[in-house]
Amino acid sequence: MIDALLAPFTYDFMLRAIFVTLVAAVACALLSTWLVQMGWSLMGDAVSHAVLPGVALAYILGLPFALGAAVFGIGAVALIGGVRAASRIKADAAIGVVFTTLFALGLVIVSVTPAETDLQHILFGNVLGVSDADIAQVLIVGAIVCVALLVLRRDLTLVAFDPGHAHAIGLRPRLLHAVLLGALALTVVTALQAVGIILVVAMLVIPGATASLIAVRWDALLAWSVGITVVASMVGLLGAFWLDISPGGAVVLSQGLAFGLALLFGSRRGIVIRWARARRHAVDSG
Amino acid sequence: MSGTAARDAIVVEGLGVRYGDVRALVDVTARIRSGEITGLVGVNGSGKSSMLAAILERVPHEGTVRILGRKPAEARREGLVASVPQAESVDWDFPVTVRDVVTTGRFGRMGLLRIPRAADRAAVAEALELLDIAHLADRQIGELSGGQRKRAFVARAIAQDAELLLLDEPFAGVDRSSEARIVAVLRGLRERGRTVVIVHHDLSGVAELVDDVLLLRGRLLHQGPPDEVLSPERIAEAFGAGAAEER
């Protein structure tokens, strides 16, 4: 029994997969807290899709994926702002137009690129086949994102909660928003190795949304978000090994299951907890 | 710096704010004196909050603003300005406690990581006591009543210990005991030589609290002491006929 449980850890490809997934998951989980609280989940979806042409071009030109992703991620955000200003259409429509167009451009580039198989991995992830170079890139980019977010976490939280006060005390909300968007573009690079571009948005939204059902303080929110995503990622990867299913899909499914459990039993806003509180209140007042 | 400038907390010249094609504020030139409580008074949509936002440079504007003789960005960087937002602009579901909120008033005095030192913790504790919300310090901000929430934001401004405090509708949706506590704190600030600017949309209690009134209706109608500016004719001009009788 013990041997069976430990079996995944005896394979080099599984150890690599676990390492890459956990680094990506932690970076996504940290970023997720701000995206969810600021109502930027759709922006996360947009940037994660919009980086596809950048990553594909970087692959073709032999450049780091992170470079292509950062250029197209930040470019997409600028383009969304430009489209809104020029057309006065609403934000969600501008986001929808820009990210789907860029994603389509990425698909076209992938379809005419000779080494199509490798680029298909960008769409769906290939965590069981990561190379040493992939691991190095995920580690460096993930570390940069995590350190930046943790160092700036109190300023980022203040800007998310009360940008007026942040501005009044001399912080620069626009710069901090740019930091978040830059971190978003880079985080997508780490996560696309694990689950692929199509499912990256799940890793960028579910941990923060799950933790918000539990935590009432920001530091606790960060801790819950990271803790939940680490456990869910391990469950997903090991489940994928034992059941021979898609690792990216299994990781995201595990995160979705964690959200479902928090929705029922979360100590802040879980349905069961709220029901029990309402019942206790009715008994006390009756 | 001239003697006049030293007494002026805020000087605006030709201040205008425009949202698209709508002009919210037109050509306001005014001086707000240091060490006083000044009220920006007018009906909803008269440009009061826009004027506050323009002073803070939160919205694009025409004209010039000086805060304590400095450009607004310099004054903000030096921690001279504290602001209390309208209740409607805050996400009350946000996962922060009352103590967290008040502690952000000290951010300008902390290092990059914003880790509070003993002096910061003491200032926060003192501000919480002053506003009588120390017992609520570890509650999530949204669990408080409207008045308690407003007291938390005033406590943040007290902890910041800024020279200039700008409050946007501090008494809207606030119970009487919270209003009394906030008024007492604002008067205490005035006694310590601090400048307070309040945006206020109705006339109840204004005359008793403020030293100077700016009566607005898209532009500056009148400025002066409340007993002079809040005359029935001028109130009717700013608020429409009937408002003076209700007062």
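The chain as shown is numbered from 1 upward.
The backbone N, Cα and C atoms fix where each Cβ goes, and this holds for glycine too.
Remember, TrEMBL labels are computer predictions, not curated facts.
Quick caveat, the model's predicted, so the values are computed rather than measured.
Summarising the annotation, TrEMBL assigns transmembrane segment to A:13-36, A:56-81, A:93-115, A:135-152, A:173-191, A:197-216, A:221-243, A:249-267.
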**Q.** Selected stretch (most C-beta pairs under 8 A with the transmembrane segment (A:173-191)) from A:56-81, A:135-152, A:221-243
**A.** A:56-81
Q. What stretch in A:13-36, A:135-152, A:221-243 has the biggest tally of Cβ pairs under 8 Å against the transmembrane segment (A:56-81)?
A. A:135-152
(Q) For the transmembrane segment (A:93-115), give me same-chain residues lying six or more residues beyond its boundaries with a C-beta closer than 8 angstroms to one of its C-beta atoms, as numbers and ranges. (A) 42-43, 45-47, 49-57, 59-60, 72, 76, 79-80, 83-84, 87, 122-123
Q) In terms of Cβ proximity under 8 Å, which residues at least six beyond the ends of the transmembrane segment (A:135-152) contact it? A) 16, 19-20, 23-24, 26-27, 30-31, 34, 64-66, 176, 179, 183, 186-187, 189-190, 193
Q: Could you pull out which residues elsewhere in the chain have a CB under 8 Å from any CB of the transmembrane segment (A:221-243), counting only those six or more residues past its ends?
A: 7-8, 14, 17-18, 21-22, 25-26, 28-30, 32-33, 127, 153, 194, 203, 206-208, 210-212, 214-215, 249-255, 257-258, 262
